[in-house]
Amino acid sequence: MAKSGSWTRIWPSFVRLCLLNLVLNFKTTALADDTATVAATTENTCKNTNYQTFLPPPYQNISHMICTPVWHTFELRYIMNGDTTTMILSAPYTIGWVGIGFSRDGMMVGSSAMVGWISKHGHAKIKQFYLRGRRQSEVIIDKGELPLNNVPPAVATNGAEIHLAFQLQTTTPFQKQPILLAFGSKYPQNHHLSNHEDKTAIVFDFSAGSTGPVSHELTQMRTKHGILGIIGWGLILPVGAIIARYFRHKDPLWLYLHAIIQFVGFTFGLSTVILGLQLYSKMHAHIQAHRGIGIFALVLSILQIFALILRPKKDAKIRKTWNLYHSWFGRLALIFAAINIVLGMQAAGAGSDWKIGYGFLFGIMVTAAIVLEVLAYLKRSEMRSLPPNFQIDPVGGPTFPSNQALSFLFLPSFYIICLVKMALKKQNF
């Protein structure tokens with residue numbers, strides 16, 4: 001039987017892992033400045049195109065428009081007169097559709113876009129779409145937050161290019177604005193857009209006519225939000241719950257470990273929610289389910305903290321009710337947290353590395369719980385089969401679970417460190 005001294009060897013390692021995770025999560029990085037280019041006129045930066053031959057008024061006169069190449073051979077022309085901003089997006093075109101979206105955070109979800117195409121029958125189409133989600137059914141036609149004025153938008157082709165023209169009526173002039181550019185190679189069917197062939201996100205400075213990458217501050221905040229959530233809700237809190245269920249024979253060590261680990265996990269979870277609320281205040285993303293479930297899981301965690309403070313004595317009559325409340329509220333919090341991690345990755349467009357990494361971590365946790373549950377069931381069955389007068393060695397105590405099983409639970413900590421390093425390096429959450 002493993003002695004309790006082995007716990008003293010495992011515990012410092014766990015503390016060091018937690019501290020290392022904190023240092024990696026809150027690593028300070030310098031914010032990269034948006035690149036700036038000097039605004040130029042149509043004559044010296046863009047192709048000389050005569051819009052009077054194929055676009056209706058007021059999109060014909062572009063002599064005073066600022067024109068900037070924005071992506072590949074895409075060109076964006078614009079001019080601001082008072083509260084009216086006129087824009088023309090020019091892009092290569094054969095078939096399919098071309099779109100320009102306006103986002104708060106550089107993400108597709110929650111943005112509004114103007115999309116233009118020429119149908120199979122040669123009819124020009126330009127519509128506003130609201131990108132409520134990533135699925136095709138969540139891209140809603142004739143909806144969005146773009147303040148179009150009474151001047152009808154226009155779309156036309158000229159040679160091998162398509163030109164989308166529209167006007168926006170804004171109370172405050174555009175300055176630095178995240179813009180999405182995308183195109184698809186299939187005709188929209190019943191105004192349902194096909195998946196894009198390629199896309200990009202830039203920050204366009206309308207006050208200077210320059211472009212740059214999406215805000216590094218928001219990108220880093222999203223990455224830290226995801227890392228904190230996966231470590232707190234996906235690793236630390238499940239480990240603490242498993243210790244409470246399967247290692248009670250190590251009394252009172254299990255209680256101290258459970259309380260400390262859950263408090264550390266609660267700190268990570270609280271930091272995740274706080275950072276999420278800061279993100280929401282900056283970008284107002286329309287991901288109500290993710291936001292609501294996150295707050296709900298936090299409330300359940302706060303109730304668990306109160307449960308620890310108000311923990312009744314073992315011989316109290318209310319102890320059985322308290323045990324049911326504490327265990328089931330904890331299970332609910334972990335279940336909703338796992339669902340919310342998946343929702344968050346979908347909303348943020350996380351890459352396959354994030355999904356595979358969390359899937360591997362989740363699989364380890366579920367496998368560990370199943371193995372320990374089966375072993376506990378076999379142990380209980382064995383104890384029930386013993387003679388009534390059989391006495392367990394009071395010195396040795398029960399031998400299940402072993403400390404090897406506990407060390408298996410800490411294996412994901414080492415894996416999560418690799419995931420954190422990779423995420424901080426790529427910054428693509």
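Every residue gets a Cβ built from N, Cα and C, even glycine.
Feature annotation from TrEMBL assigns signal peptide to 1-32. If you look up TrEMBL, you'll see 72-184 marked as domain 'DOMON'. Taken from TrEMBL, the feature domain 'Cytochrome b561' covers 187-381. Here TrEMBL flags 227-247, 253-280, 292-310, 322-344, 356-378, 405-424 as transmembrane segment.
If you average pLDDT over the domain 'DOMON' (72-184) in this model, you get 88. As a quick check, the transmembrane segment (356-378) and the transmembrane segment (292-310) miss the bar of 3 or more Cβ pairs under 8 A, pairs 6 or more apart, so the two do not touch.
DSSP labels the residues of the domain 'DOMON' (72-184) in these numbers: 3 helix, 66 strand, 44 coil. Listed by sequence, the residues of this chain that lie at least six past the ends of the transmembrane segment (322-344) yet keep a Cβ under 8 A from its Cβ atoms are 225-226, 229-230, 233-234, 237-238, 241, 269, 287, 289-290, 293-294, 296-297, 300-301, 303-304, 307, 310-312, 316, 350, 358, 362.
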